[in-house]
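*Asks:* What follows is a single structure, and I will ask about it in a moment.
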Amino acid sequence: MIEIDGSYGEGGGQVVRTAVALSAVTGKDVKVTNIRKNRPNPGLKQQHLKALETAARICEARVSGLFPGSSELFFSPVEIKGGKYEVDIGTAGSITLLLQSLMPALPFAKEKVKLTIKGGTDVAWSPTIDYLQHVTLRALEQLGYAGIVTLKKRGYYPRGGGEVSAVFEPCKLRSFHFRRVKENRRTGEARREEETRNEGRNQNQRIEIQGISHASNLPAHVPARQAEAAESLLLEAGYGSRTKIQSFELLSTGSGITLWSGYCGGSALGKKGLPAEKVGRRAAEEIILELSSKAPVDVHLADQLIPYMALAGNSSYTVRELTLHAATNIWVTEQFLDVKFRIEEKEGLFEVSVD
């Protein structure tokens, strides 16, 4: 049995998500203690419980410690099976974080897994659904990952009501290397995309950033102003952009914007009292920071790629900063798999690799 101290490093829900996913893949029992110990509301929350319940259903696991506020979890998987599953997180629990708990395990399922999930699609402290679709899954395609996530309806805090459908096929993960083009080691589509992006940094107007600006129960000018502010700042930095505008009438009032280019993204959520222009600029500033660093992946994707790297083997990427989230994910992954990550600083960036 693997024992994981849930307070290690970043000490948040990601420790549990990665531990459970890798437990399912390896078939090793896991006990996680001190879950979210240093958080204002420690222990498991509703969205964690739903993720764990779903993981247990998919891999026929025995589980103990599944209750709100639980600081300890035992998870004993049997086999990752396929099938159809419906999950209602309740309120605005993050759909993307629930998927993060499952996705590393699903290539190893016996057959196709189909999910219908209700909850929050654009909520604080989690990737937006647009980021998952256009950055995370796009990068995972380079590993041979076979997954499609479809947005049916957005859900905002506090009532949620969003809906996403997802289909994941069993597949064999292949090694990947997301590096600067000057290292000249990449091949295929991913290399061509990186060449385009890196050449464009000398002439930023050649990089086109795409985005979606959206709002619910607000005047149509709100998502338009978010987009205009983002595009204006991007233009000042020399980047071309195209942003779709979406307006809805849903359960909760909310807004947000997600921008992406290659394997880098930027996003921001609106809130009461925060001008739409500030929301747009925050997303633009985030992606400009990533693109200007010349790193092929952004700091959030770098965190998410860790378990896939270990499962694929012989993989690497370069990122502008190694976050505590990523370092914690590395530690958890090394507890389950016979791998050792290496981190090297090169020309102001960090190369993370695993054999």
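Each residue, glycine too, has its Cβ placed from N, Cα and C.
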*Asks:* Figure out which of Gln47, Gln100, Gln133 sits with His300, Leu301, Ala302, Asp303, Gln304 in the ATP site per Swiss-Prot.
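*Replies:* As annotated by Swiss-Prot, His300, Leu301, Ala302, Asp303, Gln304 share the ATP site with Gln100, chosen from Gln47, Gln100, Gln133.
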*Asks:* State the Cα to Cα distance, in Å, between His325 (active site, tele-AMP-histidine intermediate) and Asp303 (ATP binding site), rounded to an integer.
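*Replies:* Computed Cα spacing between His325 (active site, tele-AMP-histidine intermediate) and Asp303 (ATP binding site) is 6 Å.
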*Asks:* Helix, strand or coil at Ala302 (ATP binding site), per DSSP?
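*Replies:* Going by the DSSP assignment, Ala302 (ATP binding site) falls within a helical segment, counted as helix.
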*Asks:* For Gln100 (ATP binding site), which DSSP three-state class applies?
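*Replies:* Helix, per DSSP.
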*Asks:* Taking Gln100, His300, Leu301, Ala302, Asp303, Gln304 as the record's ATP-binding set, what's the max Cα pairwise distance in Å, rounded to a whole number?
*Replies:* 14
*Asks:* For the ATP site (Gln100, His300, Leu301, Ala302, Asp303, Gln304), what does the 8 A shell look like? I mean other same-chain residues with CB within 8 A of the CB centroid.
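*Replies:* Nearby residues not in the site list: Pro127, Thr136, Asp298, Val299, Leu305, Ile306, His325, Ala326.
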*Asks:* Which chain-mates of His300 (ATP binding site) that are at least 6 residues away have a CB under 8 A from its CB, listed by sequence?
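*Replies:* In sequence order, the residues whose Cβ lies under 8 Å from that of His300 (ATP binding site) (at least 6 apart) are Pro127, Tyr131, Val135, Gly265.
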*Asks:* What is the total of other Cβ atoms whose distance to the Cβ of Ala302 (ATP binding site) is within 10 Å?
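*Replies:* Excluding its own Cβ, the number within 10 Å is 27.
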